[in-house]
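Below is one structure, written out as structure tokens; comments come after it.
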Ligand code: ADP
Ligand code: MG
């Protein structure tokens, strides 16, 4: 298992769709895009330029014109990539281009027409055909996920409540690189199942958007397939290779008009192109090769495609063009973009035995279930042996690993037989008990009950075994084993036909590569081959060369001018956006300064934290995450006999003398005075006790002989509670002396 560490560049192919009806009716201008399929060149004509101006030529790994077939594009440009994924590499295909140029057509196509099926359905076919034709010692696990990035939020398209689901977070791990947390992934056992997954996702995408076209041209759709393959290595152990395939249908690359939009619309406009412009920046930075920093973190899309651009992956970019002269600028931008992407170098390598391989877990779980099941069945079998007494025709002595598979079915049969026999036996015994006339009725009942219980146990045991078997089978069926016919069209002829087609595709590709190389070499060796017989000849040759070089110079000058213009344009746009954002910011500041009290502002500021993972400022939750279950901190329980929580110190203080300070009780003591009322002995003439308040003295309550409940502050002798430095002991003595 060799690890390929060499780098390879991103493959870029260009496809131009046919003129549509509307464009055809617009006039005879025709297309502005010409293609040289043999050389892999696109020649672009500027409809506004004078005819003397040289046309722009771009060279790519392959080009596909309006007559190209889906199948050809797949066989030539995508098939090798999918083969690599099946061998354990990461692979990415992304379609880039203006809205309406055929990105979705290329990626998905028309599902029902076999001729028009796009890259994704062809890839499904390819993967499952490959599995069905591989050797039987290979085990596969295929998983699929589907997500979209809309307004810089990652949404799971397989989540049943996609519409109101939370945006998902991106995480990074050293093993798998950047991944989406909590993303649904479905194990698929056949083409039909994976197509179903795709359909579910597509529907969610359509439902989520009011205007499908508008939505799809503003969101990026990523279909992810993980193929895990386990195969015994030379060391006898099973090795797992994991290939991840990203199939990406990007949002339309056209510039969204930003002029005159404000607030929410501005934010949206800024976000729509954020991912795409970030992608452009990443591609530029990588293609340039000199700048150390690659701004992957600028957008969700570039983070997710981090491995695909300049990392551990093989990548194919399909740039789609429209032939109409109206979109010359956009077409040129797409071609420039694609041209730049050619220079990106990736370092693909086989992902071997990663720690997080799901296949490994599945294998372990299956082995565990099988062991459990076998144990149960052996137990039943052994019981049968005991019951029969006579032993079995097949003796299950010591089993070796190899025999296990064959024996397993026998054991299963034996176990079933055992259950049947055991039931019959119990039935017979019950019958015998019923017919036994020497037994007492009570004894009979008891014995019958016992047999009934035994039968119940037996049934329960059987049910449990059946459940376990079902679980085991379900688990096992998820793993696809090579060599088994999961396809119905694997006959030899078809296979041969496919192989021939691949060979042709391969040949075309290498031919084109050779042509391109020859072209380059021609130019280089032109000078060397020339020998001049006369001065005149030399002058002629050199003039020709001069003309050629002059044309080239003009081309490059025009290119520089174009690039400059583009820079100026995008700079103006950025400035405009900046102005709008600055205005927005000032407005927000104004609101904060004038309408939010400073302490509230501080509170808000204190809750802000920076999340380095998401590269964003976030609010800390008001309630700490760890106490989420109980929401709020629980109030400490009151000590028994007290209405409020009370400290040890206060408790001691109360015990020592009812110091008011430590009374954690109600204000009033509702002590019932059980002394009999003594209305008769009241003497009005007696001098008022100086200790008693005059109001008390004349209170009507006293008149009526009602004793008011005492307040706690009327304890026998009040202590000056203000003297805080009075020690507890002092308090105690003071109270006791007062009581005396
Ligand atoms: P995009 O996804 O880039 O916005 P679509 O894939 O939706 O564009 O294509 C727009 C229209 O053009 C569709 O009706 C599609 O059928 C048609 N189309 C695109 N490419 C081709 C092609 N190569 N051959 C024929 N029709 C095409
Ligand atoms: Mg589309």
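Positions of Cβ are set from backbone N, Cα and C atoms, glycine also.
Just so it is clear, the model here is predicted, and its values are computed rather than measured.
Residues annotated as ATP binding site in TrEMBL: 97, 98, 99, 100, 101, 102, 103, 104. Per TrEMBL, the feature coiled coil maps to 532-584. For 383-394, the entry in TrEMBL reads compositional bias 'Basic and acidic residues'. The compositional bias 'Acidic residues' annotation in TrEMBL covers 395-415. As annotated by TrEMBL, compositional bias 'Polar residues' applies to 679-698. Summarising the annotation, TrEMBL assigns domain 'Kinesin motor' to 9-344. Summarising the annotation, TrEMBL assigns region 'Disordered' to 377-415, 679-707.
Ranking the binding-site residues 97, 100, 102 by how many other Cβ atoms lie within 10 angstroms of each Cβ puts 100 at the bottom. Ligand 2 lies under 6 Å from the Cβ of 104, out of the binding-site residues 97, 100, 102, 104. Residue 99 (ATP binding site) has a Cβ environment of 18 other Cβ atoms inside 10 Å. Mean predicted confidence for the domain 'Kinesin motor' (9-344): the pLDDT average there is 86.
If you draw a 10 Å sphere around the CB of residue 101 (ATP binding site), it holds 27 other CB atoms from the protein chains shown. With all protein chains in the displayed structure included, the most crowded Cβ environment within 10 Å among the binding-site residues 98, 104 is that of 98. Among the binding-site residues 98, 101, 102, the residues whose Cβ sits under 6 Å from any atom of ligand 1 are 101, 102. According to DSSP, residue 102 (ATP binding site) sits in a coil region rather than a helix or strand.
Same-chain residues at least 6 positions away in sequence with a Cβ under 8 Å from that of residue 103 (ATP binding site) are, in sequence order, 95, 96, 97, 249, 250, 252, 318, 320.
Excluding the listed site residues 97, 98, 99, 100, 101, 102, 103, 104, the same chain places 17, 95, 105, 217, 252, 320, 322 with Cβ atoms within 8 Å of the centre of the ATP site Cβ atoms.
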